[in-house]
Amino acid sequence: MSAPSPTPPASAENDFLAPDAGGARPPGPTPSQSRFQVDIVTEAAGASEDKSPSSDASTAVPSGDKATEGSGADPGGEEAKGRFKVVNFADPSAAGSPASPEPADGLQNGDTVMSETSLHSSTGGQHHYHYDTHTNTYYLRTFGHNTIDAVPNIDFYRQTAAPLGEKLIRPTLSELHDELDKEPFEDGFANGDELSPAEEAASKEAAESKGVVKFGWVKGVLVRCMLNIWGVMLFIRMSWIVGQAGIALSCLIVGMATVVTTITGLSTSAIATNGFVRGGGAYYLISRSLGPEFGGSIGLIFAFANAVAVAMYVVGFAETVVELLAGVDALMTDEVNDVRIIGTITVILLLGISVAGMEWEAKAQIFLLIVLIAAIINYFIGTFIPIKSKEAVGYFGYDGDIMWENMGPDFRGETFFSVFAIFFPAATGILAGANISGDLADPQLAIPRGTLLAILITGIVYLGVAVSTGSCIVRDASGNVNDTVSAQFMANCTDASCKFGYDFSSCRSNAGSCKFGLQNNFQVMSIVSGFAPIITAGIFSATLSSALASLVSAPKVFQALCKDNIYPGLGMFAKGYGKNNEPLRGYILTFVIALAFILIAQLNVIAPIISNFFLASYALINFSVFHASLANSPGWRPSFKYYNMWVSLAGAILCCVVMFVINWWAALLTNVIVLGLFIYVSYKKPDVNWGSSTQALTYHQALTHTLHLSGVEDHVKNFRPQCLVMTGYPNSRPALLDLVYSFTKNVGLMICGHIRTGYRRPNFKDLANDQARYQRWLLKNETKAFYTPVFAEDMRQGTQYLLQAAGLGRLKPNMLVMGFKNDWRDGDMMNVETYISMIHDAFDFQFGAVILRLKEGLDVSHIQGQDDLLSSAEKSSGMKDVIVSIDTSKDSDADSSKPSSKATSLQNSPALQKDEEDDGKAPTQPLLKKDKRSPTMPLNVSDQRLLEASQQFQQKQGKGTVDVWWLFDDGGLTLLIPYLLTNKKRWKDCKIRVFIGGKINRIDHDRRAMATLLSKFRIDFSDITVLGDINTKPKKEHVAAFEELIEPYRLKEDDMEQEAAERLKDSEPWRITDNELELYRAKTNRQIRLNELLQEHSSTANLIVMSLPLARKGAVSSALYMAWLEVLSKDLPPILLVRGNHQSVLTFYS
């Protein structure tokens, strides 16, 4: 055997393969350091097929260690099929470790699950091992080629804690696509010796699931549904319904009830086959389809309805027992207390069966079903055995005349709908199988098959009983054998009983005198049956089985509800016990509720409410299918195809109609309760994401409306401010964010643009992560805005990207909002050139431009404790790219779109914290206030002022003014923004004051003209001031201060040669020429003068909104324009410089 060779050097990019040594192939992994190394696992051409299912099904089969490669020739190399094992990504410093021939090394590795596979290599039948959990390594046999790309495998699609198998993790895109010098496993996939918590949970559940009792479709669904549907109604009310409604209408009643349950059964089947179903029955189906709001409200009342249904069925049983006791004069106390005593004993026994486990409960159900079927067969046999002694009580056997007489209705104190209301609860119970979905071996097969077959069988039996009772029993009978018809009266006797020699006509004339017949005796089926005690046993079986099914359903549904933590206080009931995860605490709660209602012993009031609770859940199941089909989500693809969205909608409407038919006040009460719980859950916003159809429909509607909007031409009446706000990270400039949000909230679009520059190599994956993270921050802070970051070479390029690409269809920005560059005099003037160019670009794109200036500044990201967004874990997992010009001193007030040599906007990236801490520097990323490890540094005075200023737009503005200096007509944007602001609650106490330019001799005329215009625009104002002295020369000291301000930025071409001056202007285009300064002297003076007027008139305003002065592109240098903006807006309250795109945004036409 040849010795192992060292690991190949990284310089070779690790792309070559070393052949496997004939006998040195290590069967198990050995610890090693290599990061990308490929081994061939040879397989003889004539080798027997690999029998391991996991090796065929899966390619991502990892291990915590690795196997080293051998060198040398493989004697059987010609026959090898090239099966590869990619064992890790290369580490240049690693050396190969010696081969370890003992398989024990691999077996001792605790975090891998091995399966032994005989590969019969060319050296003989040596056993190799491969690994079934994803950590460092893959066992790869993808089409027999060297690739870590995985073939499709069900285990990749499992949820983390999948009960039916282990989740495998397919190779990430980074592992397949990134360059080899990158860390391929840094994305959070396990590459150590310990399992992640999710993997631990999955393995724990997989281990615990061994020995769990799971039911098939017959035992789990069919039996339960039949038992629940066949209730007491079958034996003691069906004959009475036939007496009242007649055979035809009775069949119609059964048919109507079956239609409702069949549609619901089809809908249940559709939802149950649209993906894996866990425990929780109706709650699980509704919540995963319609979301937690509907699911949470229905889940609670459905569980409660099942708990009370236990009481209803037990009392039905107890009343039957008490009747029997009364018949033999063996009552313990009085009837009501006997019902309570027997009911209590019964529910305790049922609880014992339930707590004993699902297996015992299932056995009890089978026994009860046998009894029930025996009782039904006993009845039908009895109908074919006419006995003379039974004729006096109205039973004559099958007869055409009796059938014809009973065909039509004979309502006595009832109506069709009241009889339907009495029967319908007998058709419910179709969810009994679905409610224990967690205990079914294959819910997707069992629920549709079992539920629909149960509806069919029970429907046929109900129809059979209706027709048979109506065909062999008359409506009224006295029970008196002497009520025979004499010969002379035979001619006058018209009843069906007359031909049998009985005359029961006295029953009609004397209401209440007869105790027998369909109308008068609830125990008709006992009389007809072959052996009456079996019918009594059937009644017992029907009541007890329904009670048992409800007693099991309620805790299971409640447990699933509690596990999802929809209602925070109910978490204690989520705990399960034993191998079947039995909800013992839920059983106790159900028992207590049932016992309470048994002790009331008056269930006539509660029964209709329960029926309505069940119907509400049926309605929502039907609506779920309609909603999911309407949303047209690709994720809605049930394997059960026999459903229709419109039929489901009709089913939902039918359920609602039936609710009101049964009992209108109970229906109203049910709707109020469901609505109340729905509002509560919506308000609490549980942190769950189940991919509900509500989300799918929201997307569908948004897409449809966006496309529809794109076909609509813009109209001035529908103009909305749609702002691209250069915030950088959204939490770094709160004042800018808050002010813009104040006038876009519920009115227009707001996009927070963030340009990230200075990266040696852009990390787009981190950009996507940041996008999701800061979007969450905006939602958490209830700011209706979108966060859009881009990578760019410089700020101007990034702004151009955003101006072109931000938005969708008509939902595109129409104005660029920036912060004022307070630090423009510090650092590189090329940054000022970029900043001014961005304003020019906005106008080129026909955008409006808005600049906000606060004298304290805008950027607070350097102040510790301002970031309440990221967890420390999120912060530390940042990008590792080198970032240009980082300075840990106070960040500039520049917008994210304004670079400076002193600091870039990237300085505040969450990505930087890790690296800077490693370097021993103070972190620039603000930390969480809750992070106890970071001591809060006391703020200096300027930071304290900045912090207070940054929060001023979050507070309610008191009585004050918004001063609008509408000097130039830009289409009305300068006026529209303050109007929108003062419409908001925070700003409603502020009055708008309007300032306009004018001539001294026309002040009154100008004021009246402006007042007329504002009134036509329907904009309220408190005052209009016409400034007649705008063109007065400014004070000399202010002019001198301006000259001093621009002195460092002048070209002074008169003091140098023309060629040198041109060269300097080319290299530093921001410089101010003497010619330019002279040409725009009047405009310069106007800016200085306007600042004097602003100081005079608006020094106490809450906000100043002023027309932004324009500079002609190519004619005015960026330094001069910046100086104009500086001198115009300095030492003032918050000022918003606004310039629209000169398209009208206001109109006075209707």
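Heads up, the Cβ atoms here are built off N, Cα and C, so glycines get one too.
Note: TrEMBL annotation is automatic and uncurated.
What TrEMBL records for this protein:
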- 1-128: region 'Disordered' (REGION)
- 90-106: compositional bias 'Low complexity' (COMPBIAS)
- 109-125: compositional bias 'Polar residues' (COMPBIAS)
- 132-185: domain 'Amino acid permease N-terminal' (DOMAIN)
- 220-724: domain 'Amino acid permease/ SLC12A' (DOMAIN)
- 247-273: transmembrane segment (TRANSMEM)
- 294-315: transmembrane segment (TRANSMEM)
- 341-360: transmembrane segment (TRANSMEM)
- 367-387: transmembrane segment (TRANSMEM)
- 415-434: transmembrane segment (TRANSMEM)
- 446-465: transmembrane segment (TRANSMEM)
- 531-554: transmembrane segment (TRANSMEM)
- 584-603: transmembrane segment (TRANSMEM)
- 609-630: transmembrane segment (TRANSMEM)
- 642-660: transmembrane segment (TRANSMEM)
- 733-1150: domain 'SLC12A transporter C-terminal' (DOMAIN)
- 888-936: region 'Disordered' (REGION)
Averaged across the domain 'Amino acid permease N-terminal' (132-185), what pLDDT does the model get? Just tell me the whole number, please.
62
Using Cβ atoms only, state whether the transmembrane segment (415-434) and the transmembrane segment (584-603) have three or more pairs under 8 Å that are 6 or more apart in sequence.
no
So what's near the transmembrane segment (367-387) in sequence-distant terms, Cβ-Cβ under 8 Å and 6+ beyond its ends?
223, 226-227, 230, 234-235, 395-398, 461, 464-465, 468, 472, 525, 528-531, 534-535, 537-542, 544-545, 548
Residue list, the transmembrane segment (247-273) vs rest of chain: Cβ under 8 Å, 6 or more residues beyond ends.
229, 241, 285, 288-289, 403, 406-409, 416, 419-420, 423-424, 426-428, 430-431, 434, 437, 443-444, 447-448, 451-452, 455, 459, 462-463, 466-467, 470-471, 618, 621-622, 624-625, 628, 638-640, 642-643, 647-648, 650-651, 654-655, 658
Between the transmembrane segment (294-315) and the transmembrane segment (531-554), are there three or more C-beta pairs closer than 8 Å, counting only pairs 6 or more apart along the chain?
yes
Given the cut-off of 8 Å on Cβ pairs that are 6 or more apart in sequence, determine whether the transmembrane segment (584-603) and the transmembrane segment (341-360) share at least 3 such pairs.
yes
When each of 341-360, 609-630, 642-660 is checked against the transmembrane segment (531-554) for Cβ pairs under 8 Å, which one has the most?
341-360
Spatial neighbours of the transmembrane segment (642-660) far in sequence, C-beta under 8 Å, 6+ residues away:
259-260, 263-264, 266-267, 269-270, 420, 424, 611-612, 615-616, 618-620, 622-623, 625-626, 629-630, 666-667, 670
